[in-house]
Amino acid sequence: MVSIRPDEISAILKQQIEDYDKSVSVSNVGSVLQVGDGIARVYGLQQVMAGELVEFEDGTEGIALNLEDDNVGAVLMGEGLGIQEGSTVRATGKIASVPVGDGLLGRVVNPLGVALDGKGDLGTTESRLIESPAPGIIQRKSVHEPMQTGITAIDAMIPIGRGQRELIIGDRQTGKTAIAIDTILNQKDQDVVCVYVAIGQKAASVAQVTEVLRERGALDYTVIVAANASDPAALQYLAPYTGASIAEYFMYKGKATLVIYDDLSKQAQAYRQMSLLLRRPPGREAYPGDVFYCHSRLLERAAKLSDAMGKGSMTALPIIETQAGDVSAYIPTNVISITDGQVFLSSDLFNSGLRPAINVGISVSRVGGAAQTKAIKKIAGTLKLELAQFDELAAFSQFASDLDAATQKQLGRGKRLRELLKQPQFSPLILAEQVAIVYAGVKGLIDDVPVDQVVQFSRELREYLKSNKPEFIEKIQTEKVLSPEAETMLKEAVAEVTSTMLATAN
């Protein structure tokens with residue numbers, strides 16, 4: 001007969017009582033009613049928030065966007081091939097966030113902060129919400145520091161300041177991305193963190209940009225956020241906000257940052273696709289009613305912070321692609337009204353051989369003038385006017401048989417200025433070189449140089465200054481002012497180069 005030992009039974013009961021785990025997990029769950037085209041309709045999820053992350057049975061993540069009477073409309077941030085009707089969906093209680101920190105520099109990530117470059121873990125410990133409020137009025141300061149692009153035409157006539165939003169707009173294949181990449185390359189040794197956001201682009205194009213930045217040593221201070229053409233619409237829609245969050249981290253640490261959104265037309269299309277599939281009412285050009293807010297809340301995050309906030313800045317260069325030069329379409333007009341100016345690229349100028357193909361007449365920088373360095377501001381004042389007058393005269397002179405000497409001189413000056421502003425891709429110029437080139441053109445010091453040799457003159461003048469007058473370059477780079485002493489040095493250099501060129505030509 002088995003003897004029952006009460007002490008043993010009581011010991012076991014005590015042990016079980018002590019080990020009893022009282023924690024209760026409450027999860028908000030629902031089930032899939034319908035799925036397809038990157039959208040899922042979910043029944044249940046009673047307590048879900050707008051914009052909350054939800055997790056499907058197969059591990060795919062989504063965002064709850066439409067909260068309706070009897071269902072929730074969620075967009076999928078993955079393929080979602082394993083999601084079926086009746087699959088369970090769990091609300092996570094979290095809003096989409098992205099890892100931030102120095103570990104992101106030199107890396108390629110997707111809009112959720114997942115590395116795409118095969119270099120392993122990002123090594124970051126902090127994260128930021130993808131959607132963050134823009135800095136308030138008191139936290140801001142007016143734009144007053146220059147953001148040099150290295151492109152003479154922009155730095156002289158359409159200057160950009162730190163904390164500004166400057167739109168780059170033009171048809172496809174007019175060099176919009178090239179201007180953005182040149183600007184990143186020009187930030188070398190300037191202690192500026194750059195974020196390049198590729199939205200809906202070919203994976204090959206993103207790889208090419210990454211390679212260009214790596215070859216020229218610019219990837220060390222750049223983060224690339226890529227939502228390729230093959231990615232779901234939800235990721236293409238989120239990509240710019242991710243880029244802004246990464247830049248904000250550095251901005252609030254007191255650093256200057258530069259963000260390029262390439263391009264917001266594709267983000268608007270992705271948002272339109274999501275909205276129409278969620279059965280939201282369409283507006284003009286079938287875009288949803290809040291597409292303006294979609295872009296304004298993104299671009300308002302760019303700012304120059306006050307001294308109390310650490311003096312950081314975020315400069316935004318959004319890119320918009322137009323169709324046949326139509327800047328009066330819905331998305332272009334929206335973004336033009338949000339930004340502080342635009343650089344308009346013309347396909348006609350591009351095809352005529354003018355690179356960068358900037359149409360100076362309708363390009364403008366509304367706040368950059370306050371940030372422009374004194375050296376180039378002093379000499380570039382008349383440049384924009386002279387080029388605008390030249391364009392007008394050139395159109396008129398096609399119909400005139402004989403022109404007076406003054407008109408011929410003005411046409412000749414305009415042609416030479418046009419040639420001076422030509423610049424090959426991936427070769428940004430430092431401030432001193434820009435000052436030298438613009439000075440020579442505006443002051444009429446190269447009126448005797450044949451038009452077809454102006455590009456050569458520009459190259460030789462830069463080489464001459466580097467080898468024979470390094471003190472001029474040093475003076476301009478440090479003082480940022482064209483002093484009488486520096487002006488004398490520059491005049492001597494221009495005279496020397498032009499006389500040598502004319503002598504060899506003869």
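Please read every residue number as a count from 1 along the shown chain.
Positions of Cβ are set from backbone N, Cα and C atoms, glycine also.
So that you can see what the record holds, here are the features copied from Swiss-Prot:
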- Gly170, Asp171, Arg172, Gln173, Thr174, Gly175, Lys176, Thr177: ATP binding site (BINDING)
- Ser363: site 'Required for activity' (SITE)
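Of all Cβ atoms in the protein chains displayed, 21 besides its own lie within 10 Å of the Cβ of Thr177 (ATP binding site).
In this structure, Lys176 (ATP binding site) is part of a helix by DSSP. Between Gly170 (ATP binding site) and Ser363 (site 'Required for activity'), the C-alpha separation comes to 11 Å. Counting neighbouring Cβ atoms within 10 Å of each of the recorded positions (Thr174, Ser363), the lowest count belongs to Ser363. Rounded to a whole number, the distance between the Cα atoms of Ser363 (site 'Required for activity') and Arg172 (ATP binding site) is 17 Å. In the three-state DSSP classification, Asp171 (ATP binding site) falls within coil. Here the C-alpha separation of Gln173 (ATP binding site) and Ser363 (site 'Required for activity') works out to 18 Å.
Highlighted in sequence order, Glu321, Leu345, Ser347, Phe350 have their Cβ within 8 Å of the centre of the Cβ atoms of Gly170, Asp171, Arg172, Gln173, Thr174, Gly175, Lys176, Thr177, the residues recorded for ATP, and are not part of that set. Looking only at the binding-site residues Arg172, Lys176, the densest Cβ neighbourhood within 10 Å occurs at Lys176. In sequence order, Leu345, Phe350, Arg355, Pro356, Ala357, Gln425 are the residues near Gly175 (ATP binding site), counting only same-chain partners six or more apart with C-beta under 8 A. Sequence-distant neighbours of Asp171 (ATP binding site) (same chain, 6+ residues apart, CB-CB distance under 8 A): Glu321, Thr322, Gln323, Ala324, Gly325, Leu345, Ser347. Between the listed binding-site residues, namely Gly170, Gln173, the fewest other CB atoms within 10 angstroms of a CB are found at Gln173. On the backbone, the CA of Thr174 (ATP binding site) and the CA of Ser363 (site 'Required for activity') stand 15 Å apart. When the Cα atoms are compared, Lys176 (ATP binding site) and Ser363 (site 'Required for activity') turn out to be 14 Å apart.
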